[in-house]
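S.K.: Taken from Swiss-Prot, the feature N-acetylalanine covers ALA2, and the record attributes it to similarity to another entry. Swiss-Prot lists SER213 with the feature phosphoserine. Per Swiss-Prot, phosphotyrosine is recorded for TYR230, and the stated evidence type is similarity to another entry.
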Amino acid sequence: MAAAVVDPQQSVVMRVANLPLVSSTYDLVSSAYVSTKDQYPYLRSVCEMAEKGVKTVTSAAMTSALPIIQKLEPQIAVANTYACKGLDRMEERLPILNQPTSEIVASARGAVTGAKDVVTTTMAGAKDSVASTVSGVVDKTKGAVTGSVERTKSVVNGSINTVLGMVQFMNSGVDNAITKSELLVDQYFPLTQEELEMEAKKVEGFDMVQKPSNYERLESLSTKLCSRAYHQALSRVKEAKQKSQETISQLHSTVHLIEFARKNMHSANQKIQGAQDKLYVSWVEWKRSIGYDDTDESHCVEHIESRTLAIARNLTQQLQTTCQTVLVNAQGLPQNIQDQAKHLGVMAGDIYSVFRNAASFKEVSDGVLTSSKGQLQKMKESLDEVMDYFVNNTPLNWLVGPFYPQSTEVNKASLKVQQSEVKAQ
């Protein structure tokens, strides 16, 4: 079989090598390579050795590959034909392959210069457009910011005025509340003697005093309230002590009169009459002390006895109420004070039980009267001791309300009950 002959002019390798772009590029690279070897002697020797090595390797490879190439020559011819056809199509589509490198570089430079001019013109126009746009935006933003600042300023001023109005309203409300509180304190806690003297000095001197602030008024009101409450509680303790002493003294006198009447019941008529007169005077004085001044009453012995026993019951009831109040307020105090308060309540209950159901002097024995007088003396001493401890050793914040509760009303109610009992007898 005859071998296929390949036209060297149609070899795809030769066609590629003869392309202007490839050949011109090869010339440029070759000239650069030669120039480099000439400029650098050491590099030239290395390059020459490398060239010799490449030639030797290439020669050996061609010698060993030649039999294979000869066997594959038909296939190579077919592949070369198809490659040449593909190269033809590439040359049609890419005219740049038939242009030398110098022309391509010149065209590229022209394109770059034109692009540069276009870009410069575009950038200048864009710069002007951006500058104009930015200027317009700045003007609009400035106008918007100015309007916003004015609106914000107006809103802030309105808010400040509203807050100031609320502060003024609250200040007025606080001032009114403090004024009412001061009036209530003056009403329920009157001025003490020291404060009255200070007020008198202020009036005499005509000192012009600047109106204090609300904080100062609140502090003054708190101090005034504590001070006046303390003095009022102290005066109530002293008043309770005085009333309890008077009650014990009256009860002691009543017991003594009952004892005197019992001992002289069977003596001479003048002694009986004297005892009755004393009892009657005691009855009238006691009624006047609680607000009654009715002297148009019977003066007989039975009425005198019942009235005297009514006095004793009322006085013992008052004393018992006082002792119960003392016992309640003694909670939390030292144990000896609490024990004394409890003992006071027990003794008051014993004395009250003596006169509670007695209808005449005969029902009250001499021994009971003597024992009652001894208990009254002990109660007076113990009550004085407990009251002195309250005044001198404890804060008076435990005193709330009247310490000696509504004695006048209790006396009047008791008197009405006792008068109804006398009328029934």
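Positions of Cβ are set from backbone N, Cα and C atoms, glycine also.
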S.K.: Taking 10 A as the limit, how many CB atoms besides its own sit near the CB of SER213 (phosphoserine)?
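M.R.: Result for SER213 (phosphoserine): 11 other Cβ atoms within 10 Å.
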S.K.: Work out the three-state DSSP category of SER213 (phosphoserine).
M.R.: coil
S.K.: Would you mind reading off the Cα separation of SER213 (phosphoserine) from the residue listed as 'phosphotyrosine', to the nearest angstrom?
M.R.: 26
S.K.: How many neighbouring Cβ atoms, not counting its own, are there within 10 Å of the Cβ of the residue listed as 'phosphotyrosine'?
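M.R.: So the Cβ neighbour count for the residue listed as 'phosphotyrosine' comes to 16.
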